[in-house]
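Participant: Let me give you the structure first, and then I'll get to my questions.
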Amino acid sequence: MPQVVKLDDPSITEMETPKRYSDSSSTGPPLLRRPDGAKVSSSPSRIFDSFRPHPAHKASRVLVGKHGRVFNADAAAHNTANTALVRKLKGRHLQMIAIGGSIGAGLFIGSGQALATGGPASLLIAFILIGGVLFCTVQALGEMAVTFPIAGSFSAFATRFIDPAWGFASGWNYGMQWLFVMPLEVMAAAICLEFWSLPIPRWASITFFLLLIISINLFGVRFFGEAEYCFSIMKVAAVVGFIILGVIINCAGTPDSGYIGGRYWADPGAFHGGMSGFTSILVTAAFSFSGTELVGLAAAETHNPSQSLPTASKQVFWRILIFYVLAITIVGLLVPYTDPRVANSSMYGATRTLQALAEQGQAPRILAYVDREGRPIASILLASIIGLVAYLYISPIQGAAFTWLLALSGLSSIFTWLSICYAHIMFRKAWALQGNSPSDLIYRSPVGTTGSWVGLISLVLVLIAQVFVAISPAGSTGNEKAGERISNFFEACLAAPVVFLFYIFYKVWYKTRWIRVGEIDLQTGRNTFESEFVRQQWRDDESTWPQWKKVYKTLC
């Protein structure tokens with residue numbers, strides 16, 4: 001008997017469909033009132049009442065049957081489609097959230113270690129390759145997120161289109177990635193402050209950054225969007241400034257070095273560490289690009305996903321690729337790999353993923369709590385508590401803490417992107433099987449399922465290569481002790497066993513099976529209201545475009 005049940009099963013009680021306040025036509029939850037019916041007027045009362053449960057949030061039971069060990073696929077889809085999260089993000093917020101989430105420790109700090117491991121040419125090639133894979137992945141995600149702008153996005157797609165057990169494993173993998181990236185980024189920020197020799201105690205800088213991140217997320221998604229927009233502009237300005245300064249230093253030289261040019265590509269060389277060195281950098285590149293997929297996760301809180309997401313999906317990729325490739329090229333030109341010195345969206349990504357997992361019965365129910373302002377307050381609290389791990393930076397084990405936090409999150413992005421590509425392939429198969437044409441989609445990936453297959457195969461090869469590197473890391477002499485080899489392996493591949501353990505546990509406990517193509521639900525949460533209007537509008541506009549604009553719109 002199948003363990004993934006449908007709502008026509010007589011043992012399943014009829015679920016209520018609550019009024020949804022997260023639609024684009026909504027301005028938010030109803031006016032707040034006290035139990036006696038009086039309007040809330042004072043600021044303290046208003047603040048207190050804002051943390052009460054959202055009046056529209058009434059989820060259906062997901063785990064049913066005897067002992068609650070049968071997964072109700074329809075209820076999970078219903079809960080993520082009828083989220084209480086509010087739609088207050090605009091297109092500009094989407095683009096800057098993805099850019100800001102991607103420009104962080106991976107670029108500012110991780111690139112130095114990557115340069116030392118593989119050399120400047122390996123560093124540049126790895127970032128270009130991962131950027132190409134990411135293009136295919138983000139386009140697939142954009143297509144699904146526009147069609148189904150639901151809570152959890154790719155985490156929910158994995159549950160809905162692949163297997164609930166894989167959705168559980170990949171969702172928790174992504175949630176834990178951002179839970180542990182937050183203290184990692186806070187530690188990175190503290191490191192950057194020390195670089196400028198500012199007389200600030202480590203505990204003070206860590207406390208400041210933690211309180212800043214928590215406060216921004218507590219003010220609601222609109223404030224988060226504006227704050228992330230401003231911070232991302234600062235990050236972009238910093239990267240652009242670095243690129244301009246790097247070009248000036250490389251061409252004009254400094255009083256001590258003179259003209260540099262491509263000197264360090266010749267001596268000590270463009271490559272270092274052979275294939276192991278190059279493969280090691282692939283994971284660093286994936287970690288650096290992680291956060292780009294946040295554009296899909298924000299679909300459930302976007303005012304107009306039909307118009308905002310397609311543009312954001314295409315433009316964000318090109319902007320990040322340009323920033324990263326140019327910045328990495330400058331780093332490789334200015335710093336030899338033998339130099340000894342080369343040795344907020346995180347909370348958003350973690351809380352929204354955990355809230356969606358709870359909606360699907362794949363996380364503690366309390367994490368699904370959404371207050372009257374549309375904030376997943378319980379998930380924010382959990383992320384804040386785990387953020388305290390950043391205080392390990394003031395302990396003697398700071399180096400080990402940074403290494404293992406990076407190990408927990410390093411491969412996570414690859415598993416997430418792999419899941420997105422395969423979910424897109426299954427979605428398109430179901431779409432065709434149910435009599436739909438690709439032209440019926442509001443937004444269609446320009447690379448289609450071919451791009452998803454390319455991304456899927458490439459990411460599997462990266463995982464295999466990473467296992468090889470974990471067994472025989474770059475710079476290994478072969479004389480390491482058994483304990484050192486085990487430690488090196490888990491530093492490189494810690495996320496892999498965690499994902500598979502989560503998958504096996506859920507699979508055995510709930511006895512789920514892979515979703516058959518003919519059983520995939522393409523109706524619940526589907527964005528159909530604007531579909532025909534948007535498609536016709538695009539057809540009319542496209543018919544008047546010159547050829548150059550058609551090419552530009554396809555890529556940007």
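A Cβ is built for glycine as well, from the same backbone N, Cα and C atoms used for every other residue.
The feature region 'Disordered' is assigned by TrEMBL to 1-52. Here TrEMBL flags 93-341, 342-513 as domain 'Amino acid permease/ SLC12A'. TrEMBL lists 96-115, 121-141, 178-197, 203-224, 236-255, 275-295, 316-337, 377-394, 401-425, 453-474, 486-506 with the feature transmembrane segment.
Mind running through what each feature is packed against?
Facilitator: Residues 111, 114-115, 153-154, 265, 270-273, 277-278, 281-282, 284-286, 288-289, 292-293, 295-296, 313-314, 316-317, 320-321, 324-325, 328-329, 331-332, 417, 420-421, 423-424, 445-447, 451-452, 454-455, 458-459 of the same chain sit 6 or more residues outside the transmembrane segment (121-141) yet have a Cβ under 8 Å from a Cβ within it.
Note on the transmembrane segment (203-224): residues 85-86, 88-89, 182, 186-187, 189-190, 193, 301, 344, 346-348, 351, 373-375, 380, 383-384, 387-388, 390-391, 393-394 of its chain, located 6 or more positions outside it, place their CB under 8 angstroms from a CB of the stretch.
Within the model, the domain 'Amino acid permease/ SLC12A' (342-513) carries an average pLDDT of 83.
Here the transmembrane segment (377-394) has long-range neighbours at 51, 178-180, 182-184, 186-187, 190-191, 202-203, 206, 209-210, 213-214, 217-218, 347, 350-352, 354-355, 358, 366-371, 401-402, 405, meaning same-chain residues at least 6 beyond its ends whose C-beta is under 8 angstroms from one of its own.
Residues 117-118, 129, 133, 136-137, 140, 273-274, 276-277, 279-280, 282-283, 286, 411, 414, 417-418, 421-422, 425, 447, 485, 488-493, 496 of the same chain lie 6 or more positions beyond the ends of the transmembrane segment (453-474) yet place their CB under 8 Å from a CB of it.
For the transmembrane segment (486-506), the list of distant contacts is 164-166, 168-170, 172-173, 176-177, 280, 283, 362, 403-404, 407-412, 415, 463, 466-467, 469-471, 473, 476, 480, 512: same-chain residues at least six beyond its ends, Cβ to Cβ under 8 Å.
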Participant: Between the stretches 178-197, 236-255, 316-337, which wins on the count of C-beta pairs under 8 angstroms to the transmembrane segment (401-425)?
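Facilitator: Per the Cβ count, the answer is 178-197.
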Participant: What else in the chain is close to the transmembrane segment (178-197), if you only count residues 6 or more beyond its ends and a Cβ gap under 8 Å?
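Facilitator: Residues packing against the transmembrane segment (178-197) from afar: 104-105, 108-109, 205-206, 209-210, 213, 290, 346-350, 353, 382-383, 386-390, 392-393, 398, 401-402, 405-406, 408-409.
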